[in-house]
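Reviewing the structure listed below.
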Amino acid sequence: MTAIPAATPPATPPAARAAARAATRVLVLNSGSSSVKYQLLDMRDSSRLAVGLVERIGEETSRLVHTPLTGDGAEKRERTGPIADHSTALKAVAEELAHDGLGLDSPELAAIGHRVVHGGLRFTEPTVITEEVLAEVERLIPVAPLHNPANVTGIRTARAMRPDLPQVAVFDTAFHTTMPEAAARYAIDVETADTHRIRRYGFHGTSHAYVSRRTAALLGKDPSEVNVIVLHLGNGASASAVAGGRCVDTSMGLTPLEGLVMGTRSGDIDPAVTFHLKRVAGMSVDEIDELLNKKSGLVGLCGDNDMREISRRIEEGDERARLAFDIYIHRLKKYIGAYYAVLGRVDAVVFTAGVGENAAPVREAAVAGLEELGLALDAELNAVRSDEARIISAPYARIAVAVVPTDEELEIAQQTFALVTGASEAGNA
Ligand code: ADP
């Protein structure tokens, strides 16, 4: 393949580094096509100072929900009414933050960390944003048409507001850039693949990085000593095989469509199904895209994508919900087995994100019958509801099974802060 030179992250100027050292806050921005999620963190203790969300940007019914978390009795505030674009949205966020004395012009703000979905092969690390970096993120739009444009808009808006402040891009794909070629390449014509940058990039990397590191800490080990299978089960879902802290395989591919059964995405499918839908069912490419990304997975199978609702329906004897659950679990099990084989030795299987953290029946079913592989749950521990990272395997099981709540914003903030303050490593979560 054509070698793409590794990024040389532009050095943060010494003056900016010194200023950032005195400043301890990081604003994390996650800009979607019609939404902006944000959190302001104080990196001295990783505490949240404010969290919020602007949604339905560009519509008449936009909404900003801001929750300050400083002081006692801080109350959620809400604004409704049209917010025309990202720039207006960010201005409104800045006003809300300023209202609590946390404005974007505060000298205590060290940096803004942006979630960027696709960093291609070039961005293997968090990167200080320059025009050149932005141009490269834009160049990746053909492989991330749904996400990168919104990320770029968010970054441009934030840079216009605070051009002097270091801003950092943290890429969803970065953690997966360590995948060996054997795992990252599709078995298709090499020239075609390289010309169009078709390969497996993987997503949710910030979560997989954070959760695999936290799992090592939970086991009392250094990440370099443990092999972990991470199951990130949210509305989007992905699995990864992490060997000694490095990702060696992950279930999402060129786009987030590959892999596990998700809330609305099919996950793995025979690619010929798409030809069939076009040739025989007469669907357009856009219709097929919509079918596989938005109308498939759990919602396609049973009409619901929320695991709580599916569990409730199963209890009532609903067979479609049961079948959707069984298909979901079957795929999950296949990935556990596959990544067991990829890793050779597994120290922990860890569940995270909305379903992984909360749905005990999913965890139970996913590892049921895998005792021969060293996997067994403690039913009582599995049933406990908690926000804490915890082990839920039976004492006799050879492999730990854990639940570790993910925290992508904290990971983005830590990586951002580490980069702008010149610390050698992201915080030890
Ligand atoms: P994303 O970030 O991908 O939108 P999340 O990680 O927040 O998603 O996960 C959302 C999903 O988590 C919901 O669609 C629902 O299926 C599941 N979920 C949330 N809470 C529970 C719960 N208590 N029990 C079962 N499933 C839950």
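Glycine too: its Cβ is placed from the backbone N, Cα and C atoms.
Predicted automatically and left uncurated, TrEMBL annotations should be read as such.
Sequence annotations record features per position, and here TrEMBL assigns active site, proton donor/acceptor to ASP172. Sequence-distant contacts (6 or more apart, same chain, Cβ under 8 Å) of ASP172 (active site, proton donor/acceptor) comprise ARG115, VAL116, VAL117, HIS118, GLY119, PHE203, HIS204, GLY205, THR206.
Under DSSP, GLU357 (ATP binding site) is assigned to a helix (H, G or I) in the three-state scheme. Positions annotated as ATP binding site by TrEMBL: LYS37, HIS232, LEU233, GLY234, ASN235, GLY236, ASP306, MET307, ARG308, GLY354, VAL355, GLY356, GLU357, ASN358.
The secondary structure of ARG115 (substrate binding site), as reduced to three states from DSSP, is extended strand. Residues or ranges marked as substrate binding site by TrEMBL: ARG115.
The annotation site 'Transition state stabilizer' is assigned in TrEMBL to HIS204 (among others).
Sequence-distant contacts of ARG265 (site 'Transition state stabilizer'), defined by Cβ-Cβ distance under 8 angstroms and a gap of at least six in the same chain, are GLY236, PRO256, LEU257, LEU292, ASN293, LYS294, SER296, GLY297. If you look up TrEMBL, you'll see ARG265 (among others) marked as site 'Transition state stabilizer'.
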(message) Among the recorded positions LYS37, ARG115, HIS204, ARG308, which residue has the fewest other Cβ atoms within 10 Å of its own Cβ?
(response) ARG308
(request) Among the recorded positions LYS37, ARG115, ASP172, LEU233, ARG265, GLU357, name every one whose Cβ is found under 6 angstroms from ligand 1, counting any of its atoms. (result) none
(message) Within 10 Å of its Cβ, which one of these binding-site residues (ASP306, GLU357) has the largest number of other Cβ atoms?
(response) GLU357
(request) With an 8 Å cut-off on Cβ-Cβ distance and a minimum sequence separation of at least 6, pull the same-chain contacts of ASN235 (ATP binding site), or say none. (result) MET262, GLY263, THR264, ASN305, GLY354
(message) Can you tell me whether DSSP puts ARG308 (ATP binding site) in helix, strand or coil?
(response) helix
(request) Please list residues from the chain of VAL355 (ATP binding site) whose Cβ is under 8 angstroms from its Cβ, counting only those at least six apart in sequence. (result) LEU233, GLY234, ALA237, MET307, VAL362
